[in-house]
Structure formats: C-alpha cells, structure tokens
Amino acid sequence: MTWLVLLGTLLCMLRVGLGTPDSEGFPPRALHNCPYKCICAADLLSCTGLGLQDVPAELPAATADLDLSHNALQRLRPGWLAPLFQLRALHLDHNELDALGRGVFVNASGLRLLDLSSNTLRALGRHDLDGLGALEKLLLFNNRLVHLDEHAFHGLRALSHLYLGCNELASFSFDHLHGLSATHLLTLDLSSNRLGHISVPELAALPAFLKNGLYLHNNPLPCDCRLYHLLQRWHQRGLSAVRDFAREYVCLAFKVPASRVRFFQHSRVFENCSSAPALGLERPEEHLYALVGRSLRLYCNTSVPAMRIAWVSPQQELLRAPGSRDGSIAVLADGSLAIGNVQEQHAGLFVCLATGPRLHHNQTHEYNVSVHFPRPEPEAFNTGFTTLLGCAVGLVLVLLYLFAPPCRCCRRACRCRRWPQTPSPLQELSAQSSVLSTTPPDAPSRKASVHKHVVFLEPGRRGLNGRVQLAVAEEFDLYNPGGLQLKAGSESASSIGSEGPMTT
C-alpha cells in the first residue's frame, strides 16, 4: 500500500514538472494586419524610414495616427484611406510626391493634421484637397510649389494653420485667400518664397488676428512706401509675425535681386516716404476701458447688414452664438458681443468679422480692451459725527478754563505775562532816582506840588558824605526786590548835605 502512495506522488511531481502546453490556454498573438517591418502600437502605425515606394496594401482599421514619412512614395491611390475611418493625423513628409490628384483624400473626413512637407509638389489643383472638411493644420512647406489654383483650399472650412513657406510662389491672392475662410485662419506662412508684388489694400483689409500670424519675411518685396508704412505700423503694434522676424524682412531697392535691403534697418531707402500718406490703409482699432466685475458690450459695425458675424477673442478662440466655451462671453442674435462679468482674461484684442453678399469684401472691426481694477471708493463724510466731536472738544475746553488751576509759570520754562500787583524793582529804582535827582522841576510844577519828599540816610552810610550809588547785583532778580541795593560810590547824581534829613 505504501508503494502505491509513493508511485502516485511521483507521477504528480512529473506532471507538474513537465507542465501543460501554452497552446491549450493561450492562443497565438494576432498580428492585426500590421504591415511588414512597420510598428503597430494601439492606434499608432509607424512605417517611417523603410524606403517604401508604395503605400502598404493592408492597414489596420484602428489606426488614428499614420506615419509614412522618410520613404520614397511617388503616388497616392484614390480611396486608399477608405479603411481608416478613425484616422486623425497623416504624416507624408520627406517623400517624393510631385502631384496629388483628385480623390486622394476623399475618405479622410475626420483628418485633423496633414503633413506634406519636404516633397516635390509643384502645383495644387482645385480638387486635390477634397474631402478634408475637418482639417485644421496643413503643412506644405519645403516643396516646389509654383502655382495655386484660385480655389485650391475651398473645401477646408476648419483650416486654422497653413504653412506654405520655402516654396517658389510668385503671387498669392489675399482677397479671397484661394478659397480659405478668414474666420478660422490664424497662421499663414508665406515666408521664403518669390513674392514680388503684394496688394497693400488687401493686406490692410485682413483681420487683425490673421495679420498677427501672417509671415512674409525673406521675400523679394518691392520697396514701396505704402507697404513700408503698413509693415512699420504692424511692427509698432507688436504683431509677432513682423516683430519676431524684423531682421529678415527685405525689399528690392532697384528691382535687381542683388539690391536687397532690410526693411527696418536701412531706412534711408524710404527717406522720401515721409510725405507719402499712410492714413487710410487700415481702419484704426478702438480702445475701450473696462473695469473688473462690470459688464461690457461690443458691436460689429458694418457699412451694410451682414449675413454672418463672428468674433475672435484675445485667446484666439472663434466666438459664435451662443458664445465662448467657458460661458463668460456671449454672442447675441444681433451679432454683438456681451461680457457680463469682465475679468483680466478679457483684456486684449477682440476682432469682429462680418460677411455677406451685400459686402464687397469681408469687413472687420477691432476693439482693444484694457481691463483695470476699480479704485476703492472713499468713505462718506459724516457731518453728524464731526459736529458731535466738535461740541465735545469745545465743552472740554470750557471746563478746563473754568475749573483748571492757573498756570504757575517758571521763569525759564513758562513765560506767562502777568500784570504785577506791586511795583516792580525797576519802578522802585526809577522812583528813588527821581527822589535823589537834584534837578529842580519846572516852576509851575513846583508850585503845584505841596508834598515834600524826605530821605533818611542809614547810620552806616554817613561816611559817604551823602553820596549814594545805586548798584544792581550781577544776577538781578526782577521778581525779588531784596536783590536791589544802594551802594556808596564816588559817582552820585548829586550831593545835598551831610547828616540829617534832606528835604526837597
């Protein structure tokens, strides 16, 4: 019996050691149609740098971001994006595409980003970009574009960023923007092309938010006075497209490629432009002063009634009815813009864009709003309180006057003026001097006087032969009559007699 138990234990140990094949519990990993040598990660498909001359035949349907850059693609099949109904970004840069063709993007209605940069495209036809109604960013820089169809971008209603730099374009229509909607367009890069003629009135009529993102540097622009004044004003207003690339704005002084001069550094070329009128090129923006917490109303003033009105906020947000995403800005039925509670975020440039069949061209109106905090209001002046306070102070002063003891003046600290009740020492001195005086008064006064003045000499003063001298101590105290002494001396006023009383 024991050996059976040992045998069963040994068999269990052998089974555990051998294990079970993986194929029973875990099926082999599915490849999800991932092309050969490509990398598939969730909704990302990267086939970059593989030297592909054609697009892979099978692409995963869950792909949202497709990267086919740095290959050798020369053609794109019509409808090749039909299985990719979730596609949002397509990277076709650094290939050898020289043309697109009709229907290439017809099934990419959800595409947001299309990168066609660094190819060899020479033209864009009327239907090359059909089907891209949701496209927001189109990169076409570093190609060989020479011609753009008049309606090449007609179907791109949501396009906000268009990069056409580093091409060979000699002209561009700023009037209709080749079918683009100026309501959404925020960035238009036309730098490093061959633009030799630009309509200044068309430039001036563009919305302010598009001027801020219009890049025209490194083009052989003409040294035109009106164009110079316009770009100079943009530079002074701080538009980033001009301010950030001011050193790269050049113009041809003598219509020769070798005569390029820098717009903002060599102003001698435009010395004669001071008399050229620069007014009327742009409609001046209106400056508004708003206080935090107050309400603000902006109106889109147009020459004739407009069919459609849209606004662009300082944060580059397109505003249509009912208003902004956060609800702080409302667009009303008449096209006006209302802010119920102004905050610091509402400071900046608000642009109104009006379109309609009766308007010869799109009209814009600009408001430069500055937001300030309200000053604290001063407290109201309380006359009742001040009256009560004045009465209390007056009562205290009256009580002090009636019941407070008189001021005992110190001779050095307090100098109070009091009329003396007794004759002062100076008065006594004056009286004695008048008594001792030998000058007889006038005759009438002697007759009128019936009084006799008698002076008795002290016994100790008899040896002075009747001569007395008035002397004042060094520290003469005006308020101590005892400090005044009569001294004998040789200089007396007069000598009248010796011992005995003297009568005068």
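Glycine residues also receive a Cβ, built from the backbone N, Cα and C atoms like all the rest.
Model, not experiment: these values are computed from the prediction.
When the candidates Cys223, Cys225, Cys300 are compared with Swiss-Prot, only one is recorded as disulfide-bonded to Cys273, and it is Cys225.
Counting residues 6+ beyond its ends, the repeat 'LRR 6' (184-207) has Cβ neighbours under 8 Å at 141, 157-175, 177, 213-222, 224, 226-227, 230, 245, 248, 252, 281-282, 312, 316, 318, 351, 353, 361-362, 364 in the same chain. When DSSP labels each residue, the repeat 'LRR 5' (158-178) comes out as 2 helix, 3 strand, 16 coil, counted as helix, strand and coil in that order. The predicted model assigns the repeat 'LRR 5' (158-178) a mean pLDDT of 92.
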